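A short worksheet on the structure shown next.
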Amino acid sequence: MIIVTGGAGMIGSNIVKALNEAGINDILVVDNLKNGKKFKNLVDLDITDYMDRDDFLTQIMAGDDFGPIEAIFHEGACSATTEWDGKYMMLNNYEYSKELLHYCLDREIPFLYASSAATYGETETFVEEREYEGALNVYGYSKQQFDNYVRRLWKDAEEHGEQLSQITGFRYFNVYGPREDHKGSMASVAFHLNNQINAGENPKLFAGSESFKRDFVYVGDVCKVNLWFLENGVSGIFNCGTGRAESFEEVAKAVVKHHNKGEIQTIPFPDHLKGAYQEFTQADLTKLRAAGCDVEFKTVAEGVAEYLAIQNR
């Protein structure tokens, strides 16, 4: 069995879909369906069982046996970069992750987890080293702290001549694609611009968006990276982006091209995001490629075209 936490979320449900396409359906999805809209992400998927996050965590902490587990994809987290309740964030993204990690280490279960490019902050160098990290919000900090916890475990194991089972962290950059309808304000720019045009409006970007550049990565490619590391058993913390920085304007142009209508308009940059907003991200893929992962990443033009063909059918 494979367990996917956050399996009703955007990345988690796409990982389940990718596993299904690889002929794997012995899957336990763990999530919190308080946001009932997320159920739609599971409707077309083939899974063995579903479990509530709190019930799952209780069983993990009790050391319960789930039977043979091939791997755990840990995608469950509070991913709202605008959430400032630090106690809530650290409990969800840090403490919960530690419990699950040690459960896996004790049983030598491969543990593949979601980190984030939010760990980098305002740097212009996106290399998986501590000197380049400096989160701008508590979400990024929760992910940064868990990465550092994993690093300490590796260091301790090395000093004692021990070999840990697989731990692989993925620093997701700006992920977009199908199954993000439930995310509200946290959904991708492509999602919001598409909705605006479908509502008969012009697509709207924040002022300055022609110079805001992010590494936008298509969720289908993210899943390919996850499955490659499961298959190859490589440990480490790796950037998961395209290696390209493209502007928000490029995303808007791709959405306009899909619809063949709409003129890009600008709106004022919101005060609540000032100082907590990454204006530039670009994954350094040196470490990913050195590990042997040869997944090719779609450009914004390619990814948005595929996404909207699915979204608008």
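Just so it is clear, glycine is given a Cβ too, placed from its N, Cα and C backbone atoms.
Copied from Swiss-Prot, the annotated features are:
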type	residues	note
BINDING	10-11, 31-32, Lys38, Arg53, 75-79, Asn92, Lys143, Val175, Lys183	NADP(+) binding site
ACT_SITE	Tyr139	active site, proton acceptor
BINDING	Asn174, Ser185, His192, Phe206, Ala207, Gly208, Ser209, Arg214, Tyr277	substrate binding site
ACT_SITE	Lys183	active site, proton acceptor
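Spatially, by CA atoms, the binding-site residues Asn174, Ala207, Tyr277 include one closest to Ala77 (NADP(+) binding site), and that is Asn174. DSSP gives Asn174 (substrate binding site) a strand state.
Note: the CA-CA distance between Lys38 (NADP(+) binding site) and His192 (substrate binding site) rounds to 17 Å.
Of all residue pairs in Asn174, Ser185, His192, Phe206, Ala207, Gly208, Ser209, Arg214, Tyr277, the annotated binders of substrate, the farthest apart have Cα atoms separated by 19 Å.
For Ala207 (substrate binding site), the nearest neighbour among the listed binding-site residues (Met10, Lys143, Lys183), judged by C-alpha distance, is Lys183. When Cβ atoms from all protein chains are considered, those within 10 Å of Glu75 (NADP(+) binding site) total 27, not counting its own.
Distances between the Cα of Tyr139 (active site, proton acceptor) and those of the binding-site residues Asp31, Lys183, Ser209, Tyr277 are shortest for Tyr277. Between the CA atoms of Lys183 (NADP(+) binding site) and Ser209 (substrate binding site) there is a gap of 22 Å. For Met10 (NADP(+) binding site), the nearest neighbour among the binding-site residues Asn174, Ser209, Tyr277, judged by Cα separation, is Asn174. For Ser209 (substrate binding site), applying a Cβ distance below 8 Å and a minimum sequence separation of six or more within one chain yields Ser247, Phe248, Glu249, Ala252, Thr266.
For Asp31 (NADP(+) binding site), the same-chain residues lying six or more positions away in sequence with a CB closer than 8 A to its CB are Thr5, Gly6, Gly7, Ala8, Gly9, Gly12, Lys38, Tyr50, Asp52, Arg53, Gly76. Cβ neighbour count for Ala207 (substrate binding site): 10 (other Cβ atoms within 10 Å of its Cβ, all protein chains included).
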